[in-house]
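Engineer: The transmembrane segment feature in Swiss-Prot is assigned to 1-21, 39-59, 84-104, 115-135, 159-179, 190-210, 222-242, 253-273.
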Amino acid sequence: MSWLQVVVLSVLQGLTEFLPVSSSGHLAIASRVFFEDDAGASFTAVCQLGTEAAVLVYFARDIARILKAWFAGLFGSGERSPDYWLGWWVIIGTIPISVIGLLFKDEIRTGARNLWLVATAMIVFSFVIAAAEYAGRQTRRVEQLTWRDSVIVGFAQCLALVPGVSRSGATISAGLFLGMDRELAARFGFLLAIPAVFASGLFSLPDAFAPVGEGMSATGPQLLVSTVIAFVVGYAAVAWFLRFLVRHSMYWFVGYRIILGSVVLILLSTGVVAAI
């Protein structure tokens, strides 16, 4: 892997991780279109450590408040606060992707990164996002969340294991279908992703140096620089996206996903780009 590839893919990871456009799908597409080789699931997972560190810093006060309330409720007595229960909902919601990610890790690293699948998922899931935006009541608040919401959003997060779907797109859509407003759905989805993505990145760290199957390999310094770039760009992206959701819908991203997916399908059909 060249330094140009590291910089381009890391910036792309930071820009797209929190938007409902699929960062892993973008990395798979960009690496094949411009560099004629897949970045690999392991490099992608390690690169995501930078963007998840960004969301960890951005939500530091929220996380500290939730942890404080969770431990206080766990070992104390009296009425439990909404933050106490939110801590439990994050834990419960992390279980589905932890189990499914381990069971299907080999498929995720290899077959799931086929560009035919990525482009198709990009287009098909666009209609799910549009339906969620159209049907969502957007009236429920954080204190109204239950363990059922956590389980449903947790299983929605599992869809992001398929490049082209989008973790934020899946969790925000699930939240909208459950009646959450856009900002709550995004915040809850981002909190839910932190433990899962950190675990995935650390687990994939050894494989990033020697990818399983096809994929570029990266050196230690390249992985470090990649993580730092993804952190800086990702922090700016999450701050912008949460402000965007307050005033705007996700229909903007639906159109973008359909156009990008269609372009990739055309490139694949004409033989300009290889699927694997």
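Using the three backbone atoms N, Cα and C, a Cβ is placed for every residue, glycine included.
Tell me what's around each of these sites.
Structural biologist: The list of residues near the transmembrane segment (159-179) in space but at least 6 beyond its ends in sequence, with Cβ under 8 angstroms from a Cβ of it, reads 17-25, 27-28, 97, 100-101, 104, 108, 112-113, 117-122, 125, 128-129, 131-133, 135-140, 149, 152-153, 185-186, 188-190, 192-193, 241, 250, 253, 261.
Within the chain, the transmembrane segment (222-242) has long-range Cβ neighbours (under 8 A, six or more residues past its boundaries) at 1, 3, 6-7, 9-11, 13-19, 43, 46-51, 53-55, 57-58, 168, 183, 186-187, 190, 205, 208-209.
For the transmembrane segment (253-273), the list of distant contacts is 19-22, 29, 32-33, 115-116, 118-123, 125-127, 129-130, 133, 164, 169: same-chain residues at least six beyond its ends, Cβ to Cβ under 8 Å.
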Engineer: So what's near the transmembrane segment (115-135) in sequence-distant terms, Cβ-Cβ under 8 Å and 6+ beyond its ends?
Structural biologist: 20-22, 25, 28-29, 32, 159, 162-166, 169-170, 172-174, 176-177, 249-251, 253-254, 257-258, 260-262, 264-265, 268, 273-276
